[in-house]
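Copied over from Swiss-Prot:
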type     : residues                                                             : note
ACT_SITE : 251                                                                  : active site, nucleophile
BINDING  : 159, 181, 242, 243, 244, 245, 246, 247, 248, 249, 250, 251, 252, 253 : substrate binding site
MOTIF    : 249-253                                                              : motif 'Histidine triad motif'
């Protein structure tokens, strides 16, 4: 077992070295977008080998640990901007270790990933069950992003160190793991994903009353695991689906209620408890309802809806 663990460590170190080398050789190409409210920047990179990548850079939230606050105060260098009586405005330089960027590097990438992160004007789509069958389902079957990374997580071929909890049952089980946007330490922006083991469920559209046992299981065991590992209570956690989701294998988002996570308060977020309640009242709710979401201008699904609604 030790030999296997050592080999895994060597593979991870080589992968990190390869990624570091790729980033060092890459050149800035374009700013795809920025989000001032979340202190995020999406940068398109080009590499001499012809490949492209996207760097997603996010400023980490402040730690509330006493030792970190004391270190911040001890290292702070003030640069005065203005002063009026007792009120002063300053730029402050602090220890770089207290001002890290939480980042994600995606490479090599294709045009669909570039389009995903490029900021464009958004529009509302009202998707009837008929439009789901004639527009959205064909879109998913033809254009959905590769799910290999999801299967790697479910089968423990990667990101094993990020697993918080697992129920291995093939029908109602799931893996609960740290989202790539979370550093695994700062509770203020806790973000974990519950990914179901069962294949074939793409989104809330596929859910019926027959799936309630799985949803109860994912909700209750995830909240219990978060409480046991991180100390957050049930009423401090927001759990929700995205529709449309970023990838089409059923998963639930769990975040600290304090954290204003990207797309957690938009039209794309549907609370897990609301999904459960709707299916308890009507087992076919998501098969028969019109679902509303937003899509960016130039997005392929947006184009397909516009074309369908012309006719």
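Glycine too: its Cβ is placed from the backbone N, Cα and C atoms.
Binding residues for substrate (159, 181, 242, 243, 244, 245, 246, 247, 248, 249, 250, 251, 252, 253) extend across at most 25 Å, taking the greatest CA-CA distance. Confidence across the motif 'Histidine triad motif' (249-253), taken as the mean pLDDT and rounded to a whole number, stands at 98. Long-range C-beta contacts of residue 250 (substrate binding site), restricted to its own chain and to partners at least six residues apart, with a cutoff below 8 Å, comprise 195, 196, 198, 201, 202, 203, 206, 207. Across the fold, the C-alpha of residue 251 (active site, nucleophile) and the C-alpha of residue 159 (substrate binding site) stand 16 Å from each other. Its Cβ taken as reference, residue 246 (substrate binding site) is surrounded by 10 other Cβ atoms within 10 Å in the chains shown.
Residue counts for the motif 'Histidine triad motif' (249-253) under DSSP (helix as H, G, I; strand as E, B; rest coil) come to 0 helix, 3 strand, 2 coil. Local packing around the Cβ, expressed as the count of other Cβ atoms within 10 angstroms, is greatest for 251 among the recorded positions 242, 251.
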